[in-house]
Amino acid sequence: MLLSLSDLHAAHERSSHGLHRHNLRPRKHREMAVFVQENHLSRHQTRPFRHGSHPQPHSPPADPGLVRPQRPRKNPVAKPPVDRSLILKILNQAKNSPKSRLSCLRRLRSVVNRNESSRNHLRAGGAVEFLASVFRENEDPFSREEALNILQQIELSDSDLRKLLLDNDEFLKSLIFLLERGSSQSRAQAIILLKSAFDVADPEYIIGCWWSSVHGERNKVKAAESGAVAVLIELLLETAERRACELALTVLDQLCGCAEGRAALLRHGGGLAVVSKKILRVSHWASERAVRILSSISKHSGNSRVLEEMMEVGVVSKLCLVLQVRCSEKTKERAKEILRRESRVWRDSSCVPSHLRSSYPCS
């Protein structure tokens, strides 16, 4: 007896072999087959599904027992502080074995990152003096940068920082050297320590050391790129002490001799304003240096945005005032030169007070 194809297919589906193949298929395929059979659909017939009438292919299984429970997240456990005896052992090993010094410094860095108690043990164990000596005397750049990294993270007290700066000026010179020639990370850390140094030490002493190192075009560029301009501007904003302002403006004048220094001054929101403010308020020397800085900005970086900012912060009015008061002829000539150079933009501007407009030089 011959059977049709549909009869053969039905018989096969009823057989245990067909049932076995049905159970081996993926779950979503089995559920779809049941849906087709219950709704009397042929194998190749299509019918639009109603919302909610069939299981979504990517929906989670209905049986909650088949869902794998998520493991609860563990709260990070605070690391215990390092014992002081271990810190002393690492320090002694670093002092007595130069070959293992770098690995010991890296172990100390892991200690300082633990918690405040570990940092206190480091300070009490004499780590500050040892790290300062490594930073001053070691010729290995990796060891120097590692020591500076730890010193910056150890959160030095004012007394520790003052002792480092005043007991031996080699530490400050090494800091300035790294500021000019170190990696980007070490320069950023040197800037942080220098900012702290201005709070605890004489600014004249710090800027004097800095001044001795910025001669030469390459040194200027390195110092400007490392953030020295921003540090000097912050100092000018915070201090009114005559000698400190004179030294800061002198170094800033040197740094503005390169394009990187001028760009750094213009990036700082208070750069032009504080330089202009120091004119005629500190000394003849400070006024001369400030006018020199403004001359460099006007001559080499005087685009429309910069010239507009110079008007807004009072640079134009201050330069007109310089022409009316008693000051050095060199400063007056340089102020007059700036005003003539930018007369097309500044001369008829409303930012120049009427009592000063008469002193504006003719083109």
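Every residue gets a Cβ built from N, Cα and C, even glycine.
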Range among 1-28, 113-140 that TrEMBL annotates as region 'Disordered': 1-28
For the domain 'U-box' (88-206), residues assigned helix / strand / coil by DSSP: 101 helix, 0 strand, 18 coil
Predicted model, mean pLDDT over the domain 'U-box' (217-359): 89
